[in-house]
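Visitor: I have a structure here, written as structure tokens, and I will follow up with some questions on it.
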């Protein structure tokens, strides 16, 4: 359960107990709000003793002296003014949220002397608090003291000169936090609780925000000829689903932008079974579908002025007596045939039918797919960058810029004919793996054969969607990577107003 912050904005606040959090730059002599929260001047003395330099995200925790208007004071350093970025405001909010303990009210002063704080910065700070506050403990029957206290509501007042503007900007921050935390929830859920049917039901709940949601059953997918996706699903007793989400916030004549997610709710590898060690993490093999679902939540919640489609292919890859075998040949919705070399290269089989369906039905301006697709991308990029593959330089540049803006970083990887020929098959139109070399690239080339002439990008998020290092705004195993990135892409390039 996430900590419950009731966040409001005000030009001033009357302090009466609780916690005061003050921001400080490295250059400033005093912290924001020091004259209000610290009339006795204890911050300067404590900072000198602790050698607190206000470097970025450093914190100083002080028990307020008797007679002070608050019980505790926390100073959060935000570094040098000239080096402060938009993402640093999120990090500062996260650092502040980590210090909210044993209190039900917090006043936060963010208008640092010498630094003009705008409404967007204040809203980003609040977003950082909401993202840091997330935790997933739905299945714990016994909680420690901190977990019990996090369930209680905390009133947070952020003091800033442009309180009205911050309040307006924060409505979008709440939408973003809702989408990111939805994606985190989906990735963190245990696989016995979140099968294809259950995941589709969670997507269906977006209708409450105005999203149109269709759920295609196995029978309907078979009628459409989705033999690649259905081949992956045939080893599981849990039936597959394809969820189609539409947000119609743009002009009726405008073609939609489209996002497609891999939703393998649990991946054993199938007949080409994975090693036992770490297999439990394969509950997160639907991180792409989770990100697409979270994005659709954000677009609807903030009433984005765009037409957007989100499609997620939901299957479970299991090795029963009916499972797909290495050597099988399946026919995709496109009519192209695929030789299955490795049943653990299943995500691309799910995506190829979803991509073709999306392109054929919606004729989108562009398609972006997200998938925890290959271990090879983790070897290449670790968990700092996601891999970016694209047939369109403009779309690639826009995605890269959005990644830098949100700190959800992408690194463009190569495509080329010499790689594409590695997936040619002797027995079918193509095979589903090209061998050990260039594994993430040949996987991207496989997908590229199903996008037709649509501008397209493939994000391989295997290293960033789950198990990434924890930081100021993410303490969760499932990170929600991709939601903020794609929302920024839409906001910067696609909205009609």
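Yeah, the Cβs are placed from backbone N, Cα and C, and that goes for glycine too.
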Visitor: Out of 267, 420, 424, which is the one Swiss-Prot records at the Mn(2+) 1 site of 344, 346?
Guide: 267
Visitor: According to Swiss-Prot, 262, 267, 346 bind Mn(2+) 2; identify which of 285, 320, 328 is listed for that same site.
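Guide: Site partner of 262, 267, 346 for Mn(2+) 2, according to Swiss-Prot: 285.
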Visitor: Would you count the other C-beta atoms found within 10 angstroms of the C-beta of residue 285 (Mn(2+) 2 binding site) for me?
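Guide: Cβ-Cβ neighbours of residue 285 (Mn(2+) 2 binding site) within 10 Å number 28.
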Visitor: Output the one of 267, 344, 346 that, of all these binding-site residues, has the highest number of other Cβ atoms within 10 Å of its Cβ.
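Guide: Highest number of other Cβ atoms within 10 Å: 346.
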Visitor: Sorted by position, what residues of the same chain at least six away from residue 348 (active site) have a C-beta under 8 A from it?
Guide: 371, 373, 432, 443, 446, 447
Visitor: How many other Cβ atoms are found within 10 Å of the Cβ atom of residue 274 (active site), counting all protein chains shown?
Guide: 16
Visitor: If you measure C-alpha to C-alpha, which of 262, 267, 344 (binding-site residues) come within 10 angstroms of residue 274 (active site)?
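Guide: Of 262, 267, 344, within range: 267, 344.
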Visitor: Given the recorded Mn(2+) 1 site (267, 344, 346), which additional residues of the same chain have their Cβ within 8 Å of the Cβ centre, ordered by sequence?
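Guide: Neighbours within 8 Å of the Cβ centroid, excluding 267, 344, 346: 232, 264, 268, 269, 270, 272, 274, 282, 285, 317, 343, 345, 347.
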Visitor: For residue 348 (active site), which DSSP three-state class applies?
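Guide: Helix, per DSSP.
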Visitor: Using Cα coordinates, what distance in whole Å links residue 267 (Mn(2+) 2 binding site) and residue 344 (Mn(2+) 1 binding site)?
Guide: 8
